[in-house]
């Protein structure tokens with residue numbers, strides 16, 4: 001049987017998380033169908049059709065599917081589910097909102113935040129905030145999974161020519177759940193916990209004023225600014241900036257640790273980052289043991305230079 | 001208005017979990033347990049609604065072994081009025097918890113159900129959504145604000161890249177995110193009083209549910225330790241690597 | 001945010017100077033506080049406090065009297081802050097719960113073998129033949145156990161007997177009646193920000209009033225220190241002496257595991273005037289505990305007990321067991337080992353000091369659990385007798401002294417009175433010989449008493465008198481750095497609360513401790529709480545990482561200027577030790 005992938009999109013554009021989900025689904029190994037459900041979402045479906053390796057793009061375009069409310073999308077997915085062995089969605093807030101609802105209606109379990117595919121029914125997923133990895137076998141007839149994007153390379157976005165198949169779906173027009181509004185984050189800097197790039201400073205910065213150096217670098221990169229507990233304790237920055245065991249856990253694509261020695265509490269908060277860069281003048285600093293790229297340098301020279309050369 | 005909140009007993013968030021040497025599971029022997037932090041937020045939100053005069057009764061429900069009654073008592077000390085413990089041998093899977101809760105909801109008829117968005121042990125993020133599905137109720141997940149008006153609840157949700165606001169008819173299921181509120185501390189006199197509040201123990205059989213397994217836990221491992229990479233000699237080299245090798249900028 | 005010259009100063013300026021003898025509470029705060037009335041309030045859910053609580057309720061049940069007993073505990077749960085070896089002698093437990101086996105007390109590993117080593121150097125050791133081991137160090141009939149788990153069990157027994165236990169609530173303040181007697185304690189306020197302002201979650205402390213209050217905070221209790229001063233409880237006692245115990249729990253190779261094997265020893269790596277001893281006990285489930293107790297009367301400010309412990313594990317005697325194993329947990333706690341000679345008056349108007357709060361540990365046996373429990377039971381019997389007689393509270397229960405003197409506890413502590421002073425006076429070898437003679441041949445009955453009158457903090461000599469100690473780098477297999485160790489203690493304190501480690505004078509660390517003693521707090525603290533950063537040019541900064549604190553109390557004890565006051569942080573803060 002085939003695998004149904006739920007596309008992440010905003011009707012106009014397909015979101016990149018879809019591409020990671022396609023890779024995960026491909027690893028399970030079966031015919032891949034991608035569902036684009038929304039209102040006036042043909043554009044997104046068109047982009048989906050260009051992903052190589054799909055057998056089919058299903059387009060469900062209906063007024064009831066506007067904003068893709070879980071209450072409205074789940075009956076559609078449940079209706080389609082009988083033809084599929086697996087239903088896969090990215091572990092985004094929309095995927096995590098929708099799939100448990102789908103699973104419950106199907107009377108099956110849902111596996112969250114899958115990071116590894118062992119076989120068609122066995123998957124790896126983090127538990128205890130990533131401090132343990134569970135290998136779990138599904139006993140249900142339909143496997144419903146959300147997959148963590150950072151664990152799977154994105155599939156190519158271009159090169160395919162998949163046929164788009166429109167499916168007729170007349171959803172319930174009831175207003176038990178009604179969309180009121182959306183507020184896209186417009187803060188100058190992204191939020192620490194969701195930023196794609198994080199620049200963090202430690203006690204090596206020596207003062208709160210020096211954080212301005214990091215802020216300039218962060219602005220150039222579109223990054224959030226974090227701090228180690230030592231920097232917070234020293235009073236350089238307020239404690240909502242703290243990354244680490246007792247502060248925020250971050251897992252950005254790029255984490256740049258500046259003047260941070262790498263106390264284990266800090267490492268606990270950022271070691272899931274995809275790429276770690278450490279800049280520290282002490283070459284013995286433990287942060288280098290986890291950094292993909294380490295630079296032994298005086299940060300007061302290195303950071304302005306980095307900012308210039310980006 | 002009656003509010004039902006769910007509370008789960010989990011490892012205390014301060015405690016570092018350790019994988020058992022035989023990889024069968026994590027080791028929870030003599031480890032400090034506590035109420036799941038997202039459930040604390042759920043309880044707090046319910047108590048605030050009651051204090052604002054918008055709710056009349058708060059019912060705290062927990063599913064799991066006998067020790068879960070400690071967490072129900074904590075919820076009672078924080079301001080819940082009564083508790084229901086659905087006693088099971090182990091912690092059932094999310095769908096089964098949702099099925100048990102659905103039975104309680106059918107009997108108790110709360111107008112608002114608040115659950116944590118996920119528990120910090122299994123990190124599933126499912127039970128609220130599943131409960132809503134089973135009862136055909138609207139859901140407001142990852143709530144960072146909640147407003148009751150005109151017989152509906154308006155929920156501000158933390159979604160990727162921003163906030164979304166939904167209006168839900170009641171009854172509805174809301175799951176809490178971290179920023180919904182800062183939970184209070186249970187005061188000592190309230191802990192004493194909580195010991196006298198009603199706590200009813202039910203079994204799955206009484207509720208007509210036979211929890212079953214949908215998954216099998218094959219193995220639990222510690223995450224792979226991160227290995228150090230390379231040292232670069234200059235900023236130029238660093239920028240080159242980030243652009244062309246790591247492809248993150 | 002501007003940065004002060006001193007981390008401590010920044011904190012100091014946010015908090016008014018701490019008046020450690022007169023608890024400063026605003027009148028407004030007092031008015032806000034609720035109070036609750038009990039017959040007996042017990043501070044600290046350790047072996048002494050819980051044994052007292054259990055004994056009180058047993059007596060009340062026997063005589064069919066209603067009794068309200070409450071225990072407050074600063075740890076997040078009963079047992080969370082408990083750390084001990086431990087080899088436990090069940091004598092007091094046998095008396096308290098003769099059926100403890102049926103009740104499931106977690107004493108599952110009887111001691112199977114005792115070994116005593118003198119480590120001569122990094123590679124050499126001599127094992128003392130059994131006949132030369134002092135009688136007090138024989139452990140037949142004792143159990144290797146986790147005191148944390150025993151205390152968790154005791155907590156369950158106490159609750160079943162009707163004791164109200166409140167974990168997560170720190171007794172922050174002693175309350176007095178108008179006549180000066182102790183009226184009870186107040187729990188600390190919750191939800192206070194670092195700058196002293198109230199957060200949304202602010203919850204004022206509660207006054208717990210009692211006819212009698214038993215203080216069982218353990219070694220160097222923060223309220224106990226105040227009571228000692230206020231009631232001059234130490235007027236007839238030698239100064240208390242302390243050790244810092246650092247302990248780790250390991251999973252080891254089952255082939256090297258021998259349940260019930262108990263190893264003690266002394267010598268290397270402690271050198272010169274530094275003394276102490278190590279332990280390695282084989283518990284259940286292929287686990288061993290390993291630890292080092294460093295006597296806090298050491299003179300060299302460069303000494304780092306933590307690093308001594310880390311390098312000690314590389315000695316073949318210990319490495320043999322640990323190699324290939326995995327460290328599971330880490331913790332540290334000061335112990336009061338002055339014994340009989342340092343025992344203060346335990347009785348004062350309205351209450352008693354019990355257990356390690358008073359200093360009932362028997363250093364000759366390196367055991368304090370059975371003595372702490374017994375002291376709690378004796379206190380319970382005394383208090384109960386008074387309450388039965390219609391006592392309304394607030395008196396000094398002199399009857400305790402008679403009970404104490406007639407007990408095996410007194411006899412045991414008396415016999416061991418010279419053990420510590422002998423080691424201090426004659427060194428490990430000479431003292432060891434004295435102890436062997438005294439304990440084994442004369443059973444502690446020699447008519448001499450050795451005294452030891454120097455306070456531990458006063459023993460430090462200037463850093464310039466010594467060369468600094470170059471400790472080996474941890475290898476990540478047997479030895480580890482401080483922060484990865486602290487990580488395993490699961491310690492935490494809610495962010496944004498006032499620093500609970502109070503400097504009486506924020507200038508002292510950099511102005512005098514640093515030039516004279518190279519600020520020893522950096523090294524004696526086993527949790528990396530204290531750091532000095534900066535340099536000559538920019539100036540030095542003393543940083544207090546209070547969130548790391550393990551509540552071991554060493555800073556309160558060893559700071560040469562006696563400038564650091566350990567106070568209670570927000571309840572529930574501190575380590576969360578499993579199985580320690």
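Glycine residues also receive a Cβ, built from the backbone N, Cα and C atoms like all the rest.
According to TrEMBL, the protein carries these features:
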type    : residues                                      : note
DOMAIN  : A:3-183                                       : domain 'Electron transfer flavoprotein alpha/beta-subunit N-terminal'
BINDING : A:203, A:228-229, A:242-246, A:259-266, A:280 : FAD binding site
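Feature map: annotations from TrEMBL on the structure.
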{"residue": "A:203", "record": "FAD binding site", "Cβ within 10 Å": "22"}
{"residue": "A:242", "record": "FAD binding site", "Cβ within 10 Å": "25"}
{"residue": "A:260", "record": "FAD binding site", "Cβ within 10 Å": "32"}
{"residue": "A:263", "record": "FAD binding site", "Cβ within 10 Å": "26"}
{"residue": "A:266", "record": "FAD binding site", "Cβ within 10 Å": "29"}
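According to DSSP, residue A:242 (FAD binding site) is assigned to a strand segment. Under the DSSP three-state reduction, residue A:203 (FAD binding site) is assigned to helix. Following the DSSP three-state reduction, the secondary structure of residue A:260 (FAD binding site) is coil.
Each of the binding-site residues A:203, A:260, A:263, A:266 was checked for a CB under 8 angstroms from a CB of chain C; the ones meeting this are A:203, A:263. For the domain 'Electron transfer flavoprotein alpha/beta-subunit N-terminal' (A:3-183), the predicted model reports an average pLDDT of 96. In this structure, residue A:266 (FAD binding site) is part of a helix by DSSP.
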